[in-house]
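Accompanying notes for the structure given below.
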Amino acid sequence: MKLFGTSGIRMKNLDPLIAYKVGFAISKNFKKAVIGRDTRTTGNLIESAITAGLLNGGCDVTTIGMVPTPVLGYSAKDYDLGIMITASHNPPEYNGIKLFNKNGTAFDPKQEKELENIINNDDFNECTWDNIGCVVEDKTAVKKYFEYILQNLNLNTNFNVVVDCANAAGCVVSPNIFTEAGCKVISVNSHCDGRFVGRMPEPNETNLKETVDIIKGLNSNGRNYVGIAHDGDADRMIAIDELGRVTDFDKLLAAFCKYLVQKTGADKIVTTVDASMAIEEYLNEFGAKVIRTKIGDVAVAEELEKTGAIFGGEPSGTWIHRDIHLTPDGILSGLRVLEMMEFYGKKLHEIIDEVPSYCNMREKISCPDNLKQNVMDYVSKEGEKIFEKKPETLDGVRFSFENGWILIRPSGTESYVRVRVEAKEKDFAEKLMKTGISMVKTGISGK
């Protein structure tokens, strides 16, 4: 049975028996674990089940309660591994399990496959009564993270900030840490509720409409509030500018990369194959190299360690700040957006509007999982003929041009093939998208 997707285990109505087996499998090679959970109603159930499996295999467990993923990832340094019970941006009926190494990086596919093999082969090591693991509670994890982040923050301006936590794990840290950093904070959806009663946890324009309206209302009197919104476990963030615009993920990432290079003199940053070409164009004048890697925080973190780059970010709002820790951190990212504003002495909308605007298109085509590889093989060969270019196959199939690019990639969690296009001209973007969709559909039908 395949359990792990592109970001740990995520399932609708996650079976606690699966969680128990995951815990039991972990205990074979790890003997000291820390566990946290987000606000989902099934969080206690899944945490209890995975804890039972860990204990049965002789692994000691420290529980830190309801916390954001960045807190769990930071805490993992004191244990053999960290376990986060979360389904991130998915709806409330979902839950999941994400595993972290001591250094804060998420488990890579090889590590996850090893656990799957233990589970599928029933290769467990059950302990005798006198070797069962024990459970302790640590109520200081949030405080330790809080203090560590503030010690490494360089913010002297008292910004006005609306913080939207989606009734999720960010509630226990984000409003307070922005306040402690000197901001005047208005909290939205800031009480913990695993039903996500205020909005769904995906921080997109549709779900953030009420928060946008609040910011527009506040700023009608010239108050200059910006917004920081999180997903379900606060490993991501998106900003809302003073005009009430949910910032484009790609443009925010490009602006932040430029800021880091200008401020620190960094000679390289890491991003993924689906990020905007505006990043290269923005950083070329500073001689900084853009290193592209596979989609996902695991690949980004691995590349950061390999290259020594100080920052890696995805256009999903998943950013890793290597100088602080290797866990994606939406809380720290939000604070550092404010540092960027202070550095330039500009409003957020002014910074974002300086980033080049290109035509971006995204489509997804239904595709049975068993046909995905055939489709990608066809797209690679056919695309090479059509575009008269060698495909880039780091993650999916990508063709790059002087004025744009197309990426065709199978979803790792759903029965879709995704087509992403970016171009400087709308006509070229539409042409690329039409060609991409046609290739995928032909690859599926075989005709």
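Glycine too: its Cβ is placed from the backbone N, Cα and C atoms.
Annotated active site, phosphoserine intermediate per Swiss-Prot: SER88, in sequence order. SER88 (active site, phosphoserine intermediate) is surrounded by 25 other CB atoms, counting those within 10 A of its CB over all protein chains shown.
Around ASP235 (Mg(2+) binding site), the C-beta neighbours below 8 angstroms that are at least 6 residues distant in the chain are PRO68, THR69, PRO70, SER88, ASP297, THR318, THR327, PRO328, ASP329, GLY330. Annotated Mg(2+) binding site per Swiss-Prot: SER88, ASP231, ASP233, ASP235, in sequence order, evidence recorded as similarity to another entry.
What Swiss-Prot lists as phosphoserine is SER88, and the listing cites similarity to another entry.
Listed in chain order, the residues near the Mg(2+) site other than SER88, ASP231, ASP233, ASP235 are ASP38, PRO68, THR69, THR86, HIS89, ALA168, ALA169, PRO201, HIS230, GLY232, ALA234, ARG236, PRO328, GLY330, each with its Cβ within 8 Å of the site Cβ centroid. Close to ASP233 (Mg(2+) binding site) in the fold, though at least 6 residues off in sequence, lie ASP38, PRO68, THR69, MET84, THR86, SER88, ALA168, ALA169, GLY170, each with a CB less than 8 Å from its CB.
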